[in-house]
Amino acid sequence: MPKVGIIFNDDKPTACSVAQELQEQLQQSGFTVAMETGSGGLLGYSQPDRPICHTRIEHLTPPHFDESMPFAIVLGGDGTVLSAFRQLAPLGIPLLTINTGHMGFLTEIYLNQLPTAIEQLINGDYQIESRSMMTVRLMREENLLWEALSLNEMVLHREPLTSMCHFEIQVGYHASVDIAADGIIVSTPTGSTAYSLSAGGPVVTPDVPVFQLAPICPHSLASRALVFSDLEPVTIFPATPNRMVLVVDGNGGCYVLPEDRVHLSKSPYPAKFIRLQTPEFFRILREKLGWGLPHIAKPTSVELP
């Protein structure tokens, strides 16, 4: 029998109950179903007085999931989707993402669309959209201390109650630049609608092969977001005496010391989204973030006295 998977947010009763119902439905349709919670993809935070908690990228793959799976289903919000791709992107499994959370910017459908969606899924009536991911590595001399896959962004910022930071940043083999700021964000196109957007970065459509660097509260009028090819690796050298905090996808990370460096590159593992209709990014921007909506109602759209 073909094998498929379900990853769900076990902190949400709705996701748990729907996961159980889906498991039974898929088993009745002739599938073997592997179940896993989204917590398996959580990175966790390293404490400053303890050794760095390092889990290799390939070691996040849950048991009983493998490359033979034609698809897996994710039940949760955006955090669960990010966690699921950290777990399954190395296996190349396409994911149908179902929103049981709040905004669900990365999810494909809502629960009320589930019956039709499962029918399409079983019949193979869908497209696959591939989105680039980023590999984040923390190096000390030549030693790998920590690594993670990122679908959204890497953030390197100062600790609370410390002063502004300086960063030496080298993109590809170009001359390095110095940025003075509270922190920096390096994001994928998918992450351009997340933290980077709040920091003043532009929205980048998912099909554009770029990375984006955005400073957080820079101390210069000349420091602005930069968009560059994702074929260019990025190396960040902390040029400040204080330790910093590295966070990936708002989920977890570790402390970065002045002698460390952060290396970013395009991941060989894409995130494969199952699309039940033709992807329309601008519709999602309008629906989820209110992009392009009029600020003032037009006379023809309101009832005039």
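The backbone N, Cα and C atoms fix where each Cβ goes, and this holds for glycine too.
Listed features, source Swiss-Prot:
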- D78: active site, proton acceptor (ACT_SITE)
- D78, G79, N152, E153, D182, T193, A194, Y195, S196, L197, S198, N251: NAD(+) binding site (BINDING)
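All features noted in Swiss-Prot, drawn onto the structure.
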residue : record                       : Cβ within 10 Å
D78     : active site, proton acceptor : 21
N152    : NAD(+) binding site          : 26
D182    : NAD(+) binding site          : 16
A194    : NAD(+) binding site          : 22
S196    : NAD(+) binding site          : 25
S198    : NAD(+) binding site          : 11
Pairwise CA distance, the residue listed as 'active site, proton acceptor' versus S196 (NAD(+) binding site), rounded so that it is a whole Å: 16
Three-state secondary structure, D78 (active site, proton acceptor) (per DSSP): helix
Conformational class of S198 (NAD(+) binding site) under the three-state DSSP mapping: helix
